[in-house]
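Following: one structure in structure tokens, then a few remarks.
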Amino acid sequence: MSGSEKLATSYFWNGARELQASRAERLVWADNTRGMAIVLVVLGHAFIPEAAKAVIYGFHMHLFFFLSGAFFSPGRSFMQFTVNKARTLMLPYLFFGLVAWGIWILRVTVLHGGEPGAYLFQPLRDLLMLGQYWFLPVLFVVSLLFRQLYPWVSITVLPVLVAGCALLHHLFEGYALVPYAGTLVHAMNALGFYAAGYVYRSYGLQVRAAVAVAAAVVFALSFHWGYPAYGMETIGHVDNYAYAYLLAFCGILLAIFAGGCMPRNAVFSFLGANSLLIYLLHGYPGAISSRLFALLGITPALLPPMGFGLLQTVVNLLLLTPALIVVNRYMPWTLGRSGGRQ
């Protein structure tokens with residue numbers, strides 16, 4: 001190889017490494033933010049004050065839809081896109097739903113000595129009606145809807161799309177408890193946040209410090225004036241759309257800013273990469289941690305209002321870690337992947 005060829009090769013590989021590092025650096029905010037978001041999911045199901053739950057529920061699932069939209073890729077065709085989303089969303093939904101049903105039967109009939117009966121099929125009914133692990137079927141529907149809409153979505157169209165989604169959600173919210181229709185109703189609200197994530201990344205937007213401070217002030221004032229009058233605003237249930245959307249979008253901006261301010265964090269990267277699996281499994285360690293706390297004499301009265309819930313969250317995530325490693329290494333197909341993750 002001549003000197004010029006060596007120089008060109010060296011330049012090429014150094015440039016490729018720099019480009020790869022640049023791309024990785026740009027995605028640090030997403031890894032950190034996704035990790036924080038799944039911690040909020042676990043914390044939201046822990047023993048914490050109702051006001052804290054309302055703060056978390058005001059934006060944490062909206063944030064997941066936003067992040068999903070930020071990494072939207074249309075694929076080569078709608079059919080290919082649909083098959084891919086079915087594999088990565090609905091396959092885990094069905095597999096882990098059936099596992100949960102099996103564990104339910106085991107607990108009722110063996111551990112608690114219950115008599116077999118029709119109620120044993122309740123988890124299966126919830127699974128088939130798309131009620132269990134609701135986030136996955138809703139994200140599946142949202143992804144398919146957005147795949148058809150994305151050519152027309154821009155930063156100027158986004159406010160109209162968000163307002164239209166809110167209107168549709170309001171018109172059909174009364175049907176949210178109807179099987180299958182509920183998933184579509186949830187999707188109407190979630191679609192606006194998914195589209196916002198797509199616009200955010202497509203236009204290369206960033207959350208500056210001044211925007212984050214403004215978002216924090218608006219979030220705090222909105223929550224102070226709106227809670228508890230409007231209760232807990234979620235993707236599925238909205239009491240006041242102005243209040244709910246202020247909480248959701250301001251919370252999203254704050255989370256993205258926090259994720260971007262932090263350097264690459266091994267803990268959040270691990271949690272973020274396993275967010276789907278944590279969402280599916282985070283309910284199981286609770287029984288173990290509750291018995292552990294009882295054995296050690298740890299009660300909510302011993303700790304500050306948020307302390308017990310934070311301790312529950314940390315312990316539950318630690319207890320869940322071996323399962324995350326096992327599934328990633330030996331059962332990646334349950335998550336729609338072909339190869340194990342080391």
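Placement of Cβ uses the backbone N, Cα and C atoms for every residue, glycine included.
TrEMBL entries are annotated by machine, without manual review.
Given the structure is predicted, the values throughout are model-derived calculations rather than measurements.
The annotation domain 'Acyltransferase 3' is assigned in TrEMBL to 28-311.
Positions annotated as transmembrane segment by TrEMBL: 54-74 (among others).
According to TrEMBL, the transmembrane segment annotation covers 86-107 (among others).
Positions annotated as transmembrane segment by TrEMBL: 127-146 (among others). Outside the transmembrane segment (127-146), and at least 6 residues removed from its termini, the chain residues within Cβ reach (under 8 Å) are 61, 64-65, 68-69, 72, 81-82, 85-86, 89-90, 92-94, 96-98, 100-101, 153, 179-180, 182-184, 186-187, 190-191, 194-195, 198, 235-236, 279-280.
Residues or ranges marked as transmembrane segment in TrEMBL: 153-172 (among others).
Summarising the annotation, TrEMBL assigns transmembrane segment to 178-200 (among others).
What TrEMBL records for 207-227 (among others) is transmembrane segment.
Residues 28-33, 36-37, 55, 58-60, 62-63, 66, 162, 166, 193, 196, 200, 206-207, 209, 211-212, 215-216, 218-219, 222-223, 226, 230, 233, 268 of the same chain lie 6 or more positions beyond the ends of the transmembrane segment (242-260) yet place their CB under 8 Å from a CB of it. Residues or ranges marked as transmembrane segment in TrEMBL: 242-260 (among others).
Proximity of distant same-chain residues to the transmembrane segment (267-287), defined by a Cβ-Cβ separation under 8 Å and at least 6 residues beyond the stretch ends, is recorded for 30-39, 41-42, 45, 64, 92, 96, 103, 133, 135, 259, 312, 315-317, 319-320, 323-324, 327-328, 335, 341. What TrEMBL lists as transmembrane segment is 267-287 (among others).
The transmembrane segment annotation in TrEMBL covers 307-327 (among others). Residues 39, 42-43, 46-48, 52, 271, 274, 277-278, 281-282, 284-286, 288-289, 292-293, 298-300, 334-335 of the same chain lie 6 or more positions beyond the ends of the transmembrane segment (307-327) yet place their CB under 8 Å from a CB of it.
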Would you mind giving the whole-number mean pLDDT across the domain 'Acyltransferase 3' (28-311)?
92
